[in-house]
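K.L.:
Pulled the feature table from Swiss-Prot, pasting it below:
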- 1-7: topological domain 'Cytoplasmic' (TOPO_DOM)
- 27-46: topological domain 'Periplasmic' (TOPO_DOM)
- 66-85: topological domain 'Cytoplasmic' (TOPO_DOM)
- 105-115: topological domain 'Periplasmic' (TOPO_DOM)
- 135-144: topological domain 'Cytoplasmic' (TOPO_DOM)
- 8-26: transmembrane segment (TRANSMEM)
- 47-65: transmembrane segment (TRANSMEM)
- 86-104: transmembrane segment (TRANSMEM)
- 116-134: transmembrane segment (TRANSMEM)
Amino acid sequence: MRNRIMPGVYIVIIPYVIVSICYLLFRHYIPGVSFSAHRDGLGATLSSYAGTMIAILIAALTFLIGSRTRRLAKIREYGYMTSVVIVYALSFVELGALFFCGLLLLSSISGYMIPTIAIGIASASFIHICILVFQLYNLTREQE
């Protein structure tokens with residue numbers, strides 16, 4: 001069972017590694033850029049983005065569960081559907097955290113790295129959404 005769950009966990013972790021490396025490179029090569037000057041606009045944008053992506057994920061998951069292709073039947077038969085559902089579930093959690101980071105940016109809390117954390121989560125969630133769309137396309141198309 002572990003071999004069937006771990007691919008989903010890896011798919012969730014890999015974008016965070018990519019975003020962390022990009023953050024370190026960004027900080028090294030462009031050290032003067034700061035996103036904390038316009039926290040209210042950033043918070044509103046990220047909260048709106050998170051809410052929209054949650055709606056898209058609900059639609060994608062509904063489409064995936066309702067799809068009746070041979071490829072998806074094999075994935076269910078071999079037990080790998082658990083990994084797919086784990087990726088969707090962790091993406092929902094990630095977008096929920098991003099939504100609340102956006103709300104914290106709208107509040108008067110300052111002194112924390114909330115803008116940096118929120119942009120990192122948003123970047124990783126965008127990569128996750130791209131992976132899920134690619135996965136949805138591959139799982140639901142008919143084989144030629």
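Keep in mind that glycine also has a Cβ here, set from the backbone N, Cα and C atoms.
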K.L.:
For the topological domain 'Cytoplasmic' (135-144), find every same-chain residue at least 6 residues outside the stretch whose CB is under 8 Å from a CB in it, and list them.
P.N.:
60, 63-64, 67, 69-72, 75, 84, 87
K.L.:
Do you know the mean pLDDT across the topological domain 'Cytoplasmic' (1-7)?
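P.N.:
PLDDT averaged over the stretch: 72.
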K.L.:
Who are the chain neighbours of the topological domain 'Periplasmic' (105-115) in space, where the CB to CB distance is under 8 Å and they lie at least 6 residues beyond its ends?
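P.N.:
Counting only partners 6 or more residues beyond its ends, the topological domain 'Periplasmic' (105-115) has Cβ contacts under 8 Å with 34-36, 39-40, 42-44, 46-47.
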K.L.:
For the topological domain 'Periplasmic' (105-115), what does DSSP give as the number of helix, strand and coil residues?
P.N.:
4 helix, 0 strand, 7 coil
